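Remarks on the structure that follows.
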Amino acid sequence: MLWFSLFILSIAIGGSFALLVAIARTPGLADLFPPKYFYHALVGHVDSALIVGLYAFLIFLWHRIFEKKENFASFLPALLGFFMIAGSSLFGLGQALWNNYVPTIIHPVFFGGVSLFFLGVFLNSLRFLPQAVKNFYIGDTLKSILSTTVINSFLMPLTYLIAYFNTPKGENVYEYFEALFWFGGHTHQFVNAGLLISLWLLLLRREVLNLWFLNLLLVVFPITYFFAQIFLNPLSSTGKSLTTWGYMVGIGIPTIVYGLITLVRAVKGLDFYRSILVLSVSLYLLGALMGYMIVGMDTRVPAHYHTVIASILVGVIALTFMYLQELGYMEKLGKFEKFIPFSTVLVCFFLSSDSSGRESLELQGKLRERITYKTQRFTYSWLSWD
């Protein structure tokens, strides 16, 4: 329960930072905070909820599915690292930098926290690595997919470590941290892809054929990034092309195929958890479509991001309720609990629709009205499921 407890704690603190983000931008209240504190709170929100929180939940799944006891010695660095990350955000230390993959605060406390947290991730990946290698080919589908997350979690800190030693420190701080976290950050996205597919399989609660040749795509690109970090400038055209193809092929093909398979299987015998699966897959397919449509940098990038994140979050929320019931903390899901995943989708939808950018405001308004009407009808039937 160590990692599950860290998941709950980090999500709660990440949510508190989200509240601080809103207050720090509110006229009349923003003056209560130091200048640019908004960015510290934003870093705290993303790093606590979407990095620490999702990783803690994933490692909890490793222990649960691979049936291994937790080890406090390998958990402690991650716990201490999280407190240092959250503390440096809360107290506004250093300079907050809104770079990709690991939003950063330029301060020794933050760097120490990030290092300790990823050390905890690395130590746990070492504990599960023998089982991951064994189950990649011969295990069931869930264990095979989780094995890819173990392998990639082993590679990611090593990629960051190599990047630290061979990334030149120039005058442009933003470019330095972009290069530092580029390949390792993309490996992290492969971890998230493996987590997402695992969520779908767990919510489906039915056997799915193990397509190990697709699972191979989830590890081939991170292995390539590990070696590319040694020889390539991550921000070169070759480095960016490599990571773009990783998204399109390495993540896109396995997630879309498994998403469609679980979607078809889920609609036969819908219940609350399978309805969440349908919602999660639908969101992901929408986000993936926007991702494939992106050319350069436009406002579809945040729309793609929020939609994909929503697909992960609704699955995590549903599984959290499932496990809380199994642990005896909840007897039955009420209407409020059932509405929480749906409300998460609504928030991310409005963030995405505000960012999608290419359509006229009139068209966006009509689309929003139609989707709101459809989702209201779906919610009424959703809340009635046992």
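Even glycines carry a Cβ here, placed using N, Cα and C.
What Swiss-Prot lists as transmembrane segment is 3-23, 42-62, 72-92, 102-122, 145-165, 183-203, 212-232, 244-264, 276-296, 308-328, 333-353.
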Between 3-23, 42-62, 212-232, 244-264, 308-328, who has the most Cβ pairs under 8 Å to the transmembrane segment (183-203)? 244-264
Do at least three C-beta pairs under 8 angstroms join the transmembrane segment (42-62) to the transmembrane segment (145-165), pairs 6 or more apart in sequence? yes
Residues of the parent chain within Cβ reach of the transmembrane segment (102-122), under 8 Å, 6 or more residues beyond its termini: 40, 42-43, 46-47, 51-52, 55, 59, 74-89, 93-96, 153-154, 156-158, 160, 173, 177, 181, 185
Below 8 angstroms Cβ to Cβ, which residues of this chain, lying six or more residues outside the transmembrane segment (212-232), approach it? 136-137, 144-145, 147-148, 151-152, 155-156, 158-159, 162-163, 166, 183-184, 186-187, 190, 193-194, 238-239, 242-243, 245-246, 249-251, 253-254, 257-258
For the transmembrane segment (244-264), the distant same-chain contacts (Cβ-Cβ under 8 Å, at least six residues beyond its ends) come to 145, 186, 189-190, 193, 196-197, 200-201, 203-204, 208-209, 211, 214-215, 217-218, 220-221, 224-225, 277-278, 281-282, 284-285, 288, 291-292
Distant-in-sequence neighbours of the transmembrane segment (145-165), which means Cβ under 8 A and at least six residues beyond its ends: 55, 58, 61-62, 65-66, 118-119, 121-122, 124-126, 128-129, 131-133, 135-136, 139, 179-184, 187-188, 190-191, 194-195, 197-198, 201, 215, 218-219, 222-223, 225-226, 229-230, 234, 258
